[in-house]
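J.: My questions all concern the structure below.
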Amino acid sequence: MCWAGRIMLGTFSILLVLVHAAAACEFGPFPYRATGIVCRMTKPAALLLNQETAQVIQAAFRNAKFPNITGERSMRLLGRVAYGLSNIQVNDLSIERSEVELKEDNAIHISIKNVTALFRGTLTYGYAGAWFLQLFHSVDFEIESSIDLQLNINLMCQKDQVAPDVSDCYLAFHKLTLHLQGDKEPGWLKQLFTDFISFTLKLVLKREVCKEINAVAQTLTSFILDLAANFVRDKDIIVDISLASDTVIKASYIESHHKGLVLYKNNSSVLSDSVFSPSLLTESRMLYFWLSEHSLSSLATAAFLDGRLVLSLRGEKLQELFEMEDTEAQRKAVQRIFQGTSYNDSVAKVWSLTQPQISLQPEGTVVRSLVAVEVSILQAGEEPLVTLYMEKEIMVTIQATYAEKKLILQPVDSSVEIKVFKCAADPSEEDPSIQSFLQNMILVAGIPEITSGMGSALTSLMNSKRLDLFDIINPEIITRKGYVIVQLDFGFPSNLLLNFLEKSF
């Protein structure tokens with residue numbers, strides 16, 4: 001595969017979020033042991049973003065603040081000649097192509113070929129002749145240019161986060177032609193000022209354009225960092241995505257390692273035995289995320305402590321749950337539990353009594369927890385009447401998929417053991433039919449309903465973080481013992497970074 005192609009500067013702001021140079025950060029002799037989350041972005045993912053190359057480079061040129069350029073020179077017969085260029089603006093910028101290389105020295109090399117731009121402004125000049133004759137003129141000018149840009153983005157680590165350095169920026173001019181207003185001025189005058197200003201103008205353009213490109217890189221990096229930080233934060237639950245080890249940069253991918261620790265109300269999990277190894281990931285897809293069992297388990301614990309593992313059902317949802325089959329035994333059990341009350345006047349509450357235990361296996365994500373179920377009848381002006389309460393130990397294996405911008409959690413194996421059972425219709429617990437019905441209902445309908453609700457809630461949460469703006473293509477969620485891999489191709493939302501830049505400058 002040929003890696004050469006166009007690429008937008010914003011691509012590298014995304015890459016910068018994922019990588020860093022180790023010069024300013026120390027990770028110890030065994031950094032992988034503290035790695036909870038890994039991101040690998042392959043070259044095709046970066047090249048995908050090439051459609052906005054011209055727009056982002058245009059933003060850098062357009063937002064560059066070109067200072068006035070002044071100079072003077074002594075000429076025989078003409079005396080001292082002084083000039084000034086002011087109100088310099090750039091127009092009609094186009095880019096022929098861009099090429100990129102990932103270097104194992106923790107740098108990204110970008111070569112942008114044949115940037116053509118038209119600079120416009122005002123030329124003011126004056127000279128004192130040998131016979132004390134003074135003449136002063138102001139004319140509009142245009143400068144046609146053809147430039148190659150070479151950017152070497154060095155990646156520095158500051159406070160466990162990436163900081164790009166684009167100071168290694170070089171402009172090569174293939175063409176720099178001055179046109180005075182309508183070419184009405186004498187040819188000798190045009191040539192005179194072209195010779196005078198070309199060297200100074202090249203220095204100014206290089207300084208200002210490179211400074212602006214560096215500023216754009218910094219701004220975009222901050223934007224992506226903020227976007228990433230917001231994605232892994234929801235109220236009091238925060239995932240620490242600060243860097244855990246040195247970046248791996250190959251010709252075909254960039255790989256970053258993050259702590260993945262879960263912070264909840266100033267309490268943090270601890271990870272020191274990660275099973276990550278770079279060999280666990282391949283290069284056939286555009287984007288990979290490696291997630292440790294520790295990180296997912298810590299998230300489940302934080303959700304439990306924050307009181308989020310609660311589900312309430314009523315109305316049609318409650319009816320679907322309790323009328324999964326149309327049998328005489330089912331009808332009698334429902335009648336006794338609800339005492340003839342409609343589903344709209346009843347509510348079922350399901351919540352986790354203990355912290356869920358998460359185990360990642362090849363078969364899927366195994367979840368163990370002690371769960372309570374309570375069915376209440378709502379009475380006008382009175383406290384709800386609890387007609388059923390039970391505690392059950394559940395073990396369920398869940399397989400996750402992502403399709404049509406929705407996360408789907410599918411239980412593939414489950415078991416239920418009732419620990420506590422209280423039913424107003426059977427206070428002596430002598431009728432096994434109700435327990436049998438409820439156990440069957442939990443396995444057949446209850447667990448799928450709960451996992452479906454969790455999938456919908458997680459989908460809403462991810463979409464609130466703007467994940468639905470991306471086109472996620474053929475995602476695969478692969479579980480292995482102790483970790484899960486998410487691999488996918490994607491489409492980047494057009495103009496996302498450009499719109500941000502336009503608001504920022």
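Positions of Cβ are set from backbone N, Cα and C atoms, glycine also.
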J.: What does TrEMBL give as the disulfide partner of CYS169, choosing from CYS39, CYS210?
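T.: Answer per the record: CYS210.
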J.: Sorted by position, what residues of the same chain at least six away from CYS169 (disulfide bond) have a C-beta under 8 A from it?
T.: LEU149, GLN150, LEU151, ASN152, LYS206, VAL209, CYS210, ILE213, ASN214
J.: Can you tell me how many other Cβ atoms are located within 10 Å of the Cβ belonging to CYS210 (disulfide bond)?
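T.: For CYS210 (disulfide bond), the 10 Å Cβ neighbour count is 20.
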